[in-house]
Amino acid sequence: MGISAAVAASDATPPTALLATLDRLRAAWQAAKPERAQRRGDLLRLRAALKRRLPQMADAIAADFGHRSRHESLLADGMTVLGEIDHLLRHLERWMRPQRVGTGWRLWPARAEVRPVPVGVVGVIAPWNYPVNLALIPLATAIAAGNHVYLKPSEHTPRTAQFLQSLLAEVFPPQRVAVALGGAEVGGAFAALPLDHLVFTGSTAVGRKVMAAAAPNLTPLTLELGGKSPAIVCADYPLRQAAARLAAGKWFNAGQTCIAPDYVLIDAGRSAALVQALRAQVLARYGDFAAAEDYTRIVNEGQYRRLRGYLDDARARGLEVVELASVAPDRAERERLIVPTVVLQPGDDALLMQEEIFGPILPLRSYHTLDEAIAMVNGRDRPLALYPFSHDRAQVQAILHATVAGGVTVNDSLLHFAANALPFGGIGPSGMGAYHGRAGFDAFSKALPILWQSRWAVSDWLKPPYRRIQCMIDFLLR
């Protein structure tokens with residue numbers, strides 16, 4: 001499945017062609033807006049096609065990463081998407097129904113309803129870290145809401161982008177779903193299109209650029225960004241279990257997850273024990289790294305060098321850097337392999353505490369009181385995710401009450417993303433808006449308010465000369 005830069009460039013969509021494609025998508029949508037049967041049929045065909053081509057999907061992602069755990073690809077980019085489509089199919093008919101609302105006695109006997117209607121063409125700019133999941137879940141949700149979709153996959157996973165283009169061409173006609181391929185130039189032009197809604201998943205820095213590009217068109221946005229998502233391990237929580245659940249969230253996909261635990265706050269005196277518990281988890285999950293088939297590599301050289309730079313900076317500051325496994329340096333360079341690594345007690349000036357890590361490096365910092373831990377969280381931008389670990393419900397409630405985050409999993413990590421009925425989104429620098437399940441259906445719909453007037457209407461009386469209805473006005477204002 002080799003692909004050269006020349007092939008990738010030849011497949012890129014010319015920026016000048018983007019608007020013509022959008023016009024085609026919008027014209028087709030305007031001519032025949034998808035009804036329920038069409039939406040269900042589209043989702044069923046997408047599900048069947050993806051399920052049939054899961055091995056091809058896993059091969060494409062693995063080739064883009066150099067090595068990506070096949071099981072992680074099937075779980076995160078395959079089964080999660082299939083589960084979301086099942087959720088959409090299960091609830092679509094109910095979500096599409098107009099909701100009756102009251103009018104109040106002043107408008108009696110008129111009737112009122114709120115009807116969800118599609119917005120038109122939804123654009124999706126997908127990232128590289130879960131290149132199928134974060135492309136197809138918003139796409140499927142937009143289809144469920146009755147829209148057409150224009151997808152821009154990441155240029156950093158070109159084989160997966162070609163897989164998506166082929167998959168979607170099998171399921172949808174080109175006037176219903178289109179795919180734009182290309183790099184930053186195409187991405188910038190894509191964000192500037194007059195779309196009816198735009199979903200972007202990526203870094204906060206690029207999210208700002210997307211928002212600026214979309215602003216002249218007043219394009220509604222759903223921004224799924226990132227940030228430093230903390231885990232707070234309280235004194236009552238067993239370290240072995242905390243280590244197991246932190247390891248699952250941090251080292252899945254080698255930490256290249258927007259909601260991976262970015263740093264851990266641990267009660268004072270237990271950090272050394274937590275390091276040993278994490279080491280045991282690494283050994284149990286990945287062995288001695290002789291093959292490391294279940295461990296994903298860093299996606300490209302730029303990301304690898306960035307992460308190595310964090311470790312070099314930490315060592316230069318005299319921080320304790322603990323690699324929880326060992327591989328030969330030449331192999332690490334050749335495979336872009338960074339083993340699970342813990343950095344103890346980094347200060348705020350360390351590079352890895354200033355930026356989202358997005359890799360398998362886990363800083364541990366100690367706190368003496370829960371208020372101190374909460375202050376550490378609140379001293380930073382509002383995170384995309386928060387992970388309190390405690391069996392004391394009062395402590396968890398205190399953390400939730402005192403902090404603001406995009407989403408929370410209590411006593412575990414990542415899994416609120418997998419709950420189909422929970423909205424997924426950030427707040428402030430970690431994002432705006434949400435999707436997944438009903439939240440996504442609503443995000444990609446217009447809640448259309450409709451008032452049905454009756455044969456008799458109060459408006460027949462509310463007209464000049466108003467002196468004739470002064471008594472009615474006095475009554476209404478009483």
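All positions are counted from 1 along the displayed chain.
Each residue, glycine too, has its Cβ placed from N, Cα and C.
Values in this document were obtained by computation on a predicted structure and should not be read as measured data.
In the three-state DSSP scheme, Glu224 (active site) falls into the strand class. Sequence-distant contacts of Glu224 (active site), defined as residues of its own chain at least six apart whose C-beta falls under 8 angstroms from its C-beta, comprise Leu134, Val199, Phe200, Thr201, Gly202, Cys258, Leu384, Phe424, Gly425, Gly426, Gly431, Tyr435. The active site annotation in TrEMBL covers Glu224 (among others).
What TrEMBL records for Cys258 (among others) is active site. In the three-state DSSP classification, Cys258 (active site) falls within coil.
If you look up TrEMBL, you'll see 28-446 marked as domain 'Aldehyde dehydrogenase'.
Note on Cys258 (active site): other Cβ atoms within 10 Å of its Cβ, all shown chains, come to 27.
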